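Now, the feature entries from Swiss-Prot:
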TRANSIT   1-48  transit peptide
DOMAIN    99-240  domain 'Clp R'
REGION    102-167  region 'Repeat 1'
BINDING   309-316, 653-660  ATP binding site
DOMAIN    518-553  domain 'UVR'
Amino acid sequence: MERTLLNPPPSLRSPACRTTTATRIRPSSSMATMIPTPPPMRHARLVKASAAGRRELHAPPIAPPILLGLRSPAAASYGRASGGGGRRRGARVVARMGFDMFTDKAIKAIMMAQEEARRLGHHAAGSEQLLLGVIGEGTGIGAKVLRGAGLSLKAARAEVEKMAGRGPGMVPMEIKFTPAAKNVLQASQEEAHQLGHNYVGSEHLLLGLLREHGAALVVLKNFQADPSNIRSEVIRMISDTSEDHQPVSAAVGGGSSTTKIPTLLEYGTNLTKLAEEGKLDPVVGRQNQVDRVVQILGRRTKNNPCLIGEPGVGKTAIAEGLAQRIAAGNVPETIDGKTVITLDMGLLVAGTKYRGEFEERLKKLMDEVKQNGEIILFLDEVHTLVGAGAAEGAIDAANILKPALARGELQCIGATTIDEYRKHIEKDPALERRFQPVKVPEPTVDETIGILKGLRERYEIHHKVQYTDESLIAAARLSYQYISDRFLPDKAIDLVDEAGSLVRLRNAQLPDEAKELEKKLKKIMAEKSEAIRSQDFEKAGALRGEEVELKSEIMSLVDKSKEMSKAAVDSGESPGPTVTEADVQHIVSSWTGVPVEKVTVDESSRLLAMESSLHRRIVGQDEAVTAISRAIRRARVGLRDPRRPIASFIFAGPTGVGKSELAKALAAYYYGSPEAMVRLDMSEFMEKHTVAKLVGSPPGYVGYAEGGQLTEAIRRRPYAVVLFDEVEKAHPDVFNMMLQILDDGRLTDSKGRTVDFKNSLIIMTSNVGSGVIEKGGRQLGFAGDGSGDGGYGVIKNMVEEEMKRYFRPEFLNRLDEMIVFRQLTKLEVKEIAGIMLAEVTGRIGGKGIGLQVTERFKELVVEQGFDPSYGARPLRRAIMRLLEDTLTDKMLAGEICAGDSVIVDADGDGNVVVVGRRSAGLPDLKSPAFTV
């Protein structure tokens, strides 16, 4: 892109421009003559030159000199102006800047500088914004050197804002550059030219910043960063590597580099150097695996270990441990002095648009490794080699590397999961034989505790908290017990990390006084913005002063609070923020939904009163309610077997006595919601081909991608009641599937994932033996108002014998308890009637109608709804017929309206009588009315 400029005023001309008005400046390709640009300025008009395929900016006659406000620096380049356009008031002066020589990282730094200026509300970007851009770019040599000097983007931003302040807002679309910034850009080109580079990178921008005595140098000195030391470090790093070997406009894949091992360091990371600098986490344990890797690396040929293990067991940590050993000199002479470099395969493949580019990169990398002779490549996710870079007519990375791997010319450590190794590596026997597998097992809980203690210091420094030993032990044990689909030590480390974040956030809140000032500050900033919009700049200036004062007060309060906390910690009065076992338990509960926190006093009383609470919904059936309550208390206190489900029951008995209702009541009362119940109607699994729906359809069948009805429900909510209703109706193959659920608390779905049932309560209902119960009903005493315990024992034994004939012994033997439900007595049915009538009262009360029923009506309902063979369901039908249908007819006829209160009674003939409170002549009720 070319910028064509009018002749500036004499006071603003460079010495080269003052010779004559007709003089054109023709700078070299590596250096641009930068002309200061006084405000105000207009945007130039962009037209495309047809002859040379360039773009020219033809400034109108009154246009000022060059704007370096680049909308798209990556596409910009400055060239000589064409002859068109004519001259008015003198000749045009061309300032040409070779942006085609700037690397992607340098362009990114320049664009970020413009954004930093926009963020601060400034109309132009200065040298201080260029400094922020170099830091913010993050990956270039300039950013690395500045980070090493102690500058972070956040701290540098705060320093620049404190020094330069904020602008008035209303930032133009195009951010210009100050004269100082232009001098920096020119100086960066001069530095590149002096170093013999045909490109300008972020390192050259930093060298240019060090030459310009401006705001950027002031910022550096405020951070006690010595410019001479920074310059020396930049030169040293440039001699080792280069962030880009081609300018932006150069042909892809062309050119050559003058660096020692550029491809390796461009596409990889030096783990040995990171280990020497102490930037790698310590590796605890894994002695056997590291020794085995060293042993394989010492072979003459095929000296390529491949670490195979589940995700998160620490395969990458073994490579880092090897790098730490090499850095410490604690290795045999066969690999002493070698360098471990981890290769980024994604970065190696990225950008290879044309055929042959990927192969050229890979061959260049292999040549560098061979020439150096002291390089050990670490390929994380080594299975990505298979197929990497393979386009039509090309070969993939694995086939390119095979000869070198077999001859021992290339030493490589691979790491991949068991599944990926089987799918990709084992499928290619020629590739498999070149790698020597090293199995990396999941560490035990005790080994994980040791790993966490080794990492403790790193996480304490990062989160600025302290970890107790109990919290680390809890993280290892709870993650092993409750997080089933991941592996140690990864899941335990994540628990420790998130618990530290939780405690830090909890203790990082502003003081109360600072919070009030923060609210006031937000209000003032809103008023200032409104004043700027209404162009009341006098008011905006006054508000700006208040804003600065408030920010200063808030900062002083925060600093004072931090100093007090630090003083308390240093003096021993306060231990500082500490991660405890309870914090780790809280994180586990939030991840899994399983309550693992210690039982509180309120929960203890609720657990002890569980029977009475369940009896509000379940009438009778004391044995079942007691067994359920015992299982829940045992699990909550932590005395149950952690390898099995909370409990597994089978409820047997006649229909309508409360088997399914007890499971619903338990889910609503203890688990907090009726939705915390996975209910499967086993009549849906009567046929053989439907059994697979529990764990998911096999591959190739409809529904394979959806997963199983049972396994997916438990994966989403592991802490729940699982109700298998009418279990005797299921196909016999279902019981084979239940064996491992009842015994081991686990089930494998169709995709090979293990689903954990260890935090579920398994309840199965069955009508097996209901005939025996009905025949022996009078022995149970349902004809009267009591129940005979002796008769119940006889009937229970008979039902258990019936179940043994129906179910297999290996199935019944895995159940915790078989509970036989009693038939309902008339007194129990009357109590259930009160519960059902209360439900109807609540529903009609929602419509604004009060309802009372008499004792006589209640007896009528019980009389018509009592059937010992069918339980409570006939009672529900009687209430529907006698009460709900009668009230419905009255409401539709307009006899009962919202706001009325009605009494429902029964006459001597058993007919239902409904009387409204507003109607005259209420009948003389022989039985008193009561509110349900």
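Glycine too: its Cβ is placed from the backbone N, Cα and C atoms.
Residue counts for the region 'Repeat 1' (102-167) under DSSP (helix as H, G, I; strand as E, B; rest coil) come to 47 helix, 3 strand, 16 coil. With respect to Cβ neighbours within 10 Å, the binding-site residues Pro311, Gly653 differ, and Pro311 shows the lowest count.
In the three-state DSSP scheme, Lys659 (ATP binding site) falls into the helix class.
In terms of DSSP helix, strand and coil, the domain 'Clp R' (99-240) has 98 helix, 6 strand, 38 coil. There are 28 other CB atoms within 10 A of the CB of Lys659 (ATP binding site), with all protein chains counted. Neighbour counts of Cβ atoms within 10 Å were taken for the binding-site residues Val313, Val657; the minimum is at Val313. Sorting each residue of the domain 'UVR' (518-553) by its DSSP state yields 33 helix, 0 strand, 3 coil.
Its Cβ taken as reference, Lys315 (ATP binding site) is surrounded by 24 other Cβ atoms within 10 Å in the chains shown. Sequence-distant neighbours of Thr655 (ATP binding site) (same chain, 6+ residues apart, CB-CB distance under 8 A): Asn767, Ser770, Tyr870, Gly871, Arg873. Here Gly309 (ATP binding site) comes close to Lys315, Thr417, Ile418, Lys439, Val440, Pro441, Glu442: these same-chain residues lie at least six apart in sequence, with C-beta atoms under 8 angstroms from its C-beta.
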